[in-house]
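The domain 'Major facilitator superfamily (MFS) profile' annotation in TrEMBL covers 40-500. Annotation comment: TrEMBL describes 36-53, 80-100, 107-126, 132-153, 165-184, 199-218, 314-335, 347-368, 375-398, 410-435, 447-470, 476-496 as transmembrane segment.
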Amino acid sequence: MEKIHCVNDDLITKQEDVHDDDYDTPGLKGIIKNPYLFGIALFSSLGGLLFGYDQGVISGIQDMENFKQRFPMTPMENGFVVSILELGAWLGSFLIAYLADAISRKYSIAVASIFFLIGSALQAGAQQVIHLLIGRFIAGLGVGSLSMLGPLYQSELSSTNIRGSIVSIYHLSTTLGVALSFWIDYGASFAHDETSWRLPLYIQMVFGLILLIGVYFLPFSPRWLVKAGREQEALHVLARLRRRPQDNRKVKAEWNDIKVAVAFDRYLEQHIDSTDVHTDHGGSGCFYWLGREWRTYCHVLGQGMWKRIMVGGLLLFFQQFTGVNAIVYYAPFIINSVGITGDAVKLLATGVIGVIMVCCCIPTVLFLDKVGRKLLLLVGSVGMCICMTTMASLTTAFQHDWIHHTTEGWISVTMIYIFMGLFACSWGPVCWVLTSELFPLRVRAKAMGITSSSHWMNNFIVGFITPPLLASNPHVAYFMFGGFCFISFGFVWFFIPETKGCSLEDLDQLFGSQTAAEDAATMKRIQHEVNAATIATTPFAV
């Protein structure tokens, strides 16, 4: 059995070891054995469903005749309406990091839900293009915040061996949101008035309201509670999450490790120079707060964190430039461009994409912690590159005569299906798991905000440039995305470590830094101090 740090090894009995063998059971078995944690992960993943739905819903409604009559737009304008959601999300992923540390991950989810509801209401009631733009931007603030908060919250509640599977539930929820929006668009398209596009936009508010109300019943993150000085409450939450009594040795060991990690982070913060955020000059107001935040983000980039931020940022860059959201946003247009015509046929074929994504994502959620992260990324890169290159070649050969090459058109649609399935089981969920694992507690919220911003900014760029590219040179777009899939293989091979089975507080070992040896010595000293303090305040039976 793996050695566990505990408060008092002399009090450990062999009988307790036997009963605790399933404390951190990996994979599907571990999830099934902990329905409470699984339920929390599912509910907190509603943020992913909101994002997926708002992404996918615009794909269908922008191709509806009533919508096009109400809001006539050029390809460039259409691209901006679609992609401004990501611009808001980019800003939201930065701003929410402060609240995540200040008022907790839990209450920050509620704030993000309110932004989403306001933005959704503006979209559903839009009378002019400007209303759509403002609504999608505000909704973007919400989903961008949730994209950072969801994986962060889930990773801090999960035990090591099921963390990857639990966090990947967020991507499964996003995929489910996309699929749901596709099919709701398909059903609503049979209405021939404004109901056809307003109804799908109103429906997303129901999910946002459920998340806003339900967040009240979610527990606080144990790691955040310890950081906030609420250690006994953290022990209570942790024990409930692990389905063990508070005096269980493994619960106490995990609680102790969290306290050690927080104490270590505070030690490092005390050694920041006088210009850093922790120097109190008695200031107040907006500019003082902005100055504090600026110095905090500068600190995040220090002490070796810039390497991890580069890895996380590039990982999410390649995730977007595979071209996945070019398909999600403009699937009906792409399917129509290869000779598959008819509104019902286009939307039905688009709905199939959603089903494929959900079905392919589920195995990753169940087995990610057994298979590992790196292998899935490598396989995904190769497969997606082949699909995009095939589409590009077929489009180059037949783009001016698709009507006489229906078979080749359906082959292109098949390539889209295979591409989306590969993405859903590799780059989709794995990237969010990896970015939630890269950073230590002291900078995790803000560092994830920085890396998530890469996702949103690149998502914005892809959404903005795709309509004019598809309208003029679709084969160029497919070759470009295929090229990025090819490059992503090399990036993963050389720069992404395998993080399967690593604890959140020990991942520094994989990334290394110039202060690694000093940090290890400091951590050992602090661990002894925390253990001693715990023993001194814990009543033991004799």
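Using N, Cα and C of the backbone, Cβ positions are placed for all residues, glycine too.
Non-local neighbours of the transmembrane segment (199-218) in the same chain are 40, 43-44, 46-47, 49-50, 53-54, 57, 60-61, 106-107, 109-110, 113-114, 116-117, 120-121, 123-124, 142, 177, 181, 184-185, 188, 191; each lies 6+ residues outside the stretch with a CB under 8 Å from one of its CB atoms. Only pairs six or more apart in sequence are counted, and the transmembrane segment (410-435) with the transmembrane segment (314-335) gives three or more Cβ pairs under 8 Å, enough to call it a contact. Proximity of the transmembrane segment (314-335) to the transmembrane segment (447-470) is established through 3 or more Cβ-Cβ distances under 8 Å for residue pairs spaced 6 or more apart. When Cβ distances are compared across the two stretches, the transmembrane segment (132-153) makes no contact with the transmembrane segment (347-368), since fewer than 3 pairs at least 6 residues apart fall below 8 angstroms. Looking only at the domain 'Major facilitator superfamily (MFS) profile' (40-500), the predicted model's pLDDT averages out at 85.
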